[in-house]
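Okay, so here's the structure we're looking at.
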Amino acid sequence: MPYRKYREKKYETKYREAFKLFQEKIGITFTDEKLLIQAFTHSSYVNEHRKKPHEDNERLEFLGDAVLELTVSQYLFQKYPTMSEGELTKLRAAIVCEPSLVRFANELSFGSLVLLGKGEEMTGGRERPALLADVFEAFIGALYLDQGLETVWGFLKEIVYPKINEGAFSHVMDYKSQLQELIQRDGSGNIEYQILQEKGPAHNREFVSRVTLNNVALGLGSGKSKKEAEQQAAAEALKKLKEQL
């Protein structure tokens, strides 16, 4: 056997063993292991092999992007029944953005599994954020094709959803959404907003709002609209609750 073929065979064997351990780690066994390997195959690796032992992961990345958006959207829709469409969109964007996907990928050491060409390897491709984010999406696409949406949901329930519950993305929410998220996380009860006062002429109206938790006042706020007053009340409530933590 020519040395190059021997080296490639040894390389493949090493990675097959790594993929076996990876599946054991996540508790999921692929029916079609070729899909799993394809998810981690960068185009640079395919370009350096004439016979193309695997397809690259770009098509799986395309599919995984859509599957990830769908599943995260469904989770947020169910978890935050009072959150507006705009806030849901903003929160979803923070969860599926590149830095977040890189964080998820690094948590499972995705970089160590990627099949790379020599040039990409030498230039640090294994740690490149865009590459890792793409691999995470490709893995979601492969998992969907191999086992369906239910298994994808179960995987995200272990890796992604807990971070939402821990408040990792609260910084992109408005004050009312942040307060709702904090209360839901602690299981403390129901939040209600009341407009206590409207004052001033019609062209310069001022509203005063109060937010309560289980009928206990948490914060007061004022603003030129009911929405602004509620946001300010929520901001004061958040400040108080965080001081107590």
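Quick reminder: no glycine exception, Cβ is built from N, Cα and C everywhere.
Feature annotation from Swiss-Prot assigns active site to D65 (among others). Counting only same-chain residues at least 6 apart in sequence, those with a Cβ under 8 Å from the Cβ of D65 (active site) are V96, E137, G141.
What Swiss-Prot records for E137 (among others) is active site, and it gives sequence analysis as the kind of evidence.
DSSP assigns E137 (active site) to a helical segment in the three-state reduction. Annotation comment: Swiss-Prot describes E61, D134, E137 as Mg(2+) binding site.
Swiss-Prot lists 19-148 with the feature domain 'RNase III', giving sequence analysis as the kind of evidence. Sorting the domain 'RNase III' (19-148) by DSSP state (H, G, I as helix; E, B as strand; all else coil) yields 95 helix, 2 strand, 33 coil.
What Swiss-Prot records for 174-243 is domain 'DRBM', and it gives sequence analysis as the kind of evidence.
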Which number gives the other C-beta atoms within 10 angstroms of the C-beta of D134 (Mg(2+) binding site), all protein chains shown included?
25
I'd like to know which of the recorded positions E61, E137 has the most other Cβ atoms within 10 Å of its Cβ.
E137
